[in-house]
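Student: Residues annotated as active site, tele-phosphohistidine intermediate in Swiss-Prot, with sequence analysis given as evidence: His10. The active site, proton donor/acceptor annotation in Swiss-Prot covers Glu88 and is backed by sequence analysis. Taken from Swiss-Prot, the feature substrate binding site covers 9-16, 22-23, Arg61, 88-91, Lys99, 115-116, 159-160, and the record attributes it to sequence analysis. According to Swiss-Prot, the site 'Transition state stabilizer' annotation covers His158.
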Amino acid sequence: MERTLVLIRHGQSEWNLKNLFTGWKDPGLTEKGRTEAIAAGKKLKETGLKFDIAYTSALQRAQKTAQNILEQMEQSDLELIKTPALNERNYGDLSGLNKDEVRQKWGEQQVQIWRRSYTIAPPNGESLRDTGARVWPYYLHHIQPHILRSQTVLIAAHGNSLRALIMALEGLNSEEIISQELATGIPIVYTFNSDSTISSKTIITP
């Protein structure tokens, strides 16, 4: 049996649609977001994968994405573990604000630093490094042991929590990871060798 991990960023949320900084705020999925999650579940079912356990954040947009995927895979009864360790990066004082209005107030350059710097956080928020400092230890302690037992694991989470995880999994540096974008609702499938190194990476496109 292969050691397999599937990562997926939640489908489009109501605040993605409104161009708002979301972070730890908890809007639901749009109809498009639900459609993205359902399509991802159908694609994953076509691969023949069966999950042994699933993880998601404490936020409903990720939870609903996971639930829609599991329904399509006829695994609705699978244990779904919810943890704030996998939450999106906390955008602090920017949370709930319109991104264009934030740029007008603080300037494009400052907003770009907050969004894409690895170490600099927005006021009262988290940097990507801060996000990784909670995501990676949780992965090592709770999730990786399942993979090392040749189980197949789903993580439905968020753009920045997944970027932090991918950075650690793939050994990327801060410059490499800040340039990576994760589309909503697109599964990334990793398989691993017995020493936890990556054997393969596949992006399942619609």
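A Cβ is built for glycine as well, from the same backbone N, Cα and C atoms used for every other residue.
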Student: Around His10 (active site, tele-phosphohistidine intermediate), how many other CB atoms lie within 10 A of its CB?
Tutor: 30
Student: Among all protein chains shown, how many Cβ atoms are found within 10 Å of the Cβ of Arg9 (substrate binding site), not counting that one?
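Tutor: Its Cβ shell of radius 10 Å holds 28 other Cβ atoms.
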Student: Check the DSSP secondary structure of Lys99 (substrate binding site), expressed as helix, strand or coil.
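Tutor: Looking at the DSSP assignment, Lys99 (substrate binding site) belongs to a helix.
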Student: Between the residue listed as 'active site, tele-phosphohistidine intermediate' and His158 (site 'Transition state stabilizer'), how many Å separate their Cα atoms?
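Tutor: The separation of the Cα atoms works out to 6 Å.
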